[in-house]
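Taken verbatim from TrEMBL:
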- 696-754: domain 'CBS' (DOMAIN)
- 81-102: transmembrane segment (TRANSMEM)
- 130-151: transmembrane segment (TRANSMEM)
- 181-198: transmembrane segment (TRANSMEM)
- 242-264: transmembrane segment (TRANSMEM)
- 276-299: transmembrane segment (TRANSMEM)
- 331-353: transmembrane segment (TRANSMEM)
- 368-388: transmembrane segment (TRANSMEM)
- 442-461: transmembrane segment (TRANSMEM)
- 467-489: transmembrane segment (TRANSMEM)
- 501-525: transmembrane segment (TRANSMEM)
- 531-552: transmembrane segment (TRANSMEM)
Amino acid sequence: QLTPSSFLRVGQLSNVDLNEDVRELETELPRPRPNEIPHNEKLLSLKYESLDYDNSENQLFLEEERRINHTAFRTVEIKRWVICAMIGILTGLVACFIDIVVENLAGLKYRVVKDNIDKFTEKGGLSFSLLLWATLNASVVMVGSVIVAFIEPVAAGSGIPQIKCYLNGVKIPHVVRLKTLVIKVCGVILSVVGGLAVGKEGPMIHSGAVIAAGISQGRSTSLKRDFKIFEYFRRDTEKRDFVSAGAAAGVSAAFGAPVGGVLFSLEEGASFWNQFLTWRIFFASMISTFTLNSVLSVYHGKAWDLSNPGLINFGRFDTEKMGYTIQEIPIFIFMGVVGGILGALFNALNYWLTMFRIRYIHRPCLQVVEAMLVAAVTATVGFVMIYCSRDCQPIQGSTVAYPLQLFCADGEYNSMATAFFNTPEKSVVNLFHDPPGSYNPMTLGMFTLMYFFLACWTYGLTVSAGVFIPSLLIGAAWGRLFGISLSYLTNASIWADPGKYALMGAAAQLGGIVRMTLSLTVIMMEATGNVTYGFPIMLVLMTAKIVGDYFVEGLYDMHIQLQSVPFLHWEAPVTSHSLTAREVMSTPVTCLRRIERVGTVVDILSDTSSNHNGFPVVESNPDATQVAGLRGLILRSQLIVLLKHKVFVERANLSLVQRRLKLKDFRDAYPRFPPIQSIHVSQDERECMIDLSEFMNPSPYTVPQEASLPRVFKLFRALGLRHLVVVDNRNEVVGMVTRKDLARYRLGKEGLEELSLAQT
């Protein structure tokens, strides 16, 4: 979560859905809320669990897989394609809904304010118009902020860092819930209509991911409805693949860039990838763009036209009039450098701001007040800038949606108002396509300066909002300014078209802030419908990334680090070969015997000091000749299902007479397994024995204790493990490597740093 309030939800378990007989447990302790939360970025939080991307190959799993024949596997494959198509359709529809609602509400707001300003310009008293505009903005943003802060704090921000963590294998609470989707969509609509410096493109990625996670499970745990379909996909491995498809569909709905969506999922999102996945994800992205396109075309009354491929349409760039020459390439590279420096400045400012927010603004009511303050300030700044601007342009031949006349002569409009008095998407398109001479350099300079600080202040508020469009807008403004000043300096007409420079500036600024390279190049090419600019855009983005990385890391990585998430990068830190598994692993390990007393299991699971999720299973009765070697690994969730179904016998030598558990019983409990406190085990049952041999994974991955850290890291990261058992040469368990043990080591300024672990 990108909100400071996450640091309050410390010992707060989420409500767990059990069978109806057990009431929902709430373990929320009333604790005094501190005024300042000390926060240090050199921490790793222990509140994040890992996802289990490794299938537990126990006897039940193997039996079921052997029962499935070839045709059944083919139906599973068909189901995967069907799910991908459904993800695409639904993501496209959600994007349509957001777009249409924003267009109507924002249009209504701007018309009201415009009429009011026109009325008061005649007879004086414009401060009333300012008051009206600021009040409208603040009240709309207040609603959007209240629902996020009080109902679902995960929906704050753009959601890209959270999805990135989810695909990396970190379980962020509530991130793919239905409630999050509803709050996200409403929050985005409200924050864009409230005139904040935000875009609606980033949250589309999160929305797509939630839709994918929901559809692929074939049921809703929030609504307690089970549709009995897609039961095969109820495990983390399958869910992850669909979530990366959903993220790609979100990108392609936002920008009309299906290939860009696939590459985004590959570059920013998915930590695990295979070839079949690429084709399925591309299919989902294409369907999503097509759905959005056809629905919006019907809505705009051009049913067969298909002219709205994405939520933001940069419009076509004509190659004839806007080609580039070889001598412009150094200029583009210079723009990339500027974008990298400005992006690094943006990220550094946002970093200090977020630290301040985590420390002081962590109560929901304070967060709402801050959001309203930002909304009012944004309106005020916009109004003052429009009021003070004397930049008038003739109306005829221009494509302004809400032309404000203010103090201009009749038949003219105020050109500062086209930038501020509009949704950010429209402003970007205007900056790209307005003919040369539509903007005064002074107007653009002031606008860039103001919008830079507004966008920086807005990102990380408790509202759902993306950072894509504001960064494009800042970049387009200074890029256009750059183009105008070039044509002043050279007096040549070849440099004349500033739209091209606006495009390069937008790419440079966005690349400097989020540091994406490949996917962003393709997204920009697809959104402008022009391949000629591929090379300059690539150069600009590469330069921006190299320059920006020299100062600070990208915005999303920075927020992941600020949340103290145990995120595993592609490679282990470069200098870590000196460490071995023995130094990295956690000890001592809680082991279970293959046939264990029920009481022991319950006590181990109920022990709050060690909330382990995986337990190595060792041989039951080691005599002098036989060591207690590793026999398998069993998960906490599996043990809880076994206790819930009371799979035990009185004495060790009796066989089990009850009905056997099927894999379905484990799947039905996924993903919200009941907590151990809700399972009642009587005193007699505590004396029974439980046989783990058919439920444990008999072949867990192990490493010898002499293995070096990069080797352990590669195994853990490539297979998406949650537990890696460390054994000695006699196959006895000596330790356990989990995600936190590996994520602790990070390359800092002085070399290898070890982060401390904290309970926050």
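Including glycine, each Cβ sits where the backbone N, Cα and C put it.
Source: prediction; values computed, not measured.
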The transmembrane segment (130-151) touching the transmembrane segment (276-299) per 3+ Cβ pairs under 8 Å rule: no
Positions on the same chain near the transmembrane segment (368-388), where near means CB under 8 A and six or more residues out: 126, 129-130, 133-138, 140-142, 144-146, 149, 194-197, 357, 361, 404, 406, 414, 416-417, 420-421, 446-447, 450, 454, 457-458, 461-463
Outside the transmembrane segment (531-552), six or more residues from its ends: residues with CB under 8 Å to it: 317, 319, 323-324, 328-329, 332-333, 335-337, 339-341, 343-344, 347-348, 351, 500, 503-504, 507-509, 511-513, 515-517, 520-521, 524-525, 558
Same-chain residues near the transmembrane segment (242-264), Cβ under 8 Å, at least 6 residues beyond its ends: 83-84, 87-88, 91-92, 94-95, 163, 166-167, 176, 200-202, 204-213, 215-216, 233, 270, 277-278, 280-282, 284-289, 291-293, 308-313, 468, 516, 518-520, 522-523, 525-527
Annotated stretches the transmembrane segment (501-525) and the transmembrane segment (81-102) touching (3 or more Cβ pairs under 8 Å): no
Residues from the same chain, set at least six apart from the ends of the transmembrane segment (442-461), whose C-beta lies under 8 A from its own: 2-3, 145, 156-157, 196-198, 342, 346, 349-350, 353-354, 357, 367, 370-371, 374, 377-378, 381, 385, 389, 391, 415-416, 419-420, 467, 470-471, 473-474, 477-478, 480-481, 484, 555, 559
Residue distribution over DSSP helix, strand and coil in the domain 'CBS' (696-754): 16 helix, 22 strand, 21 coil
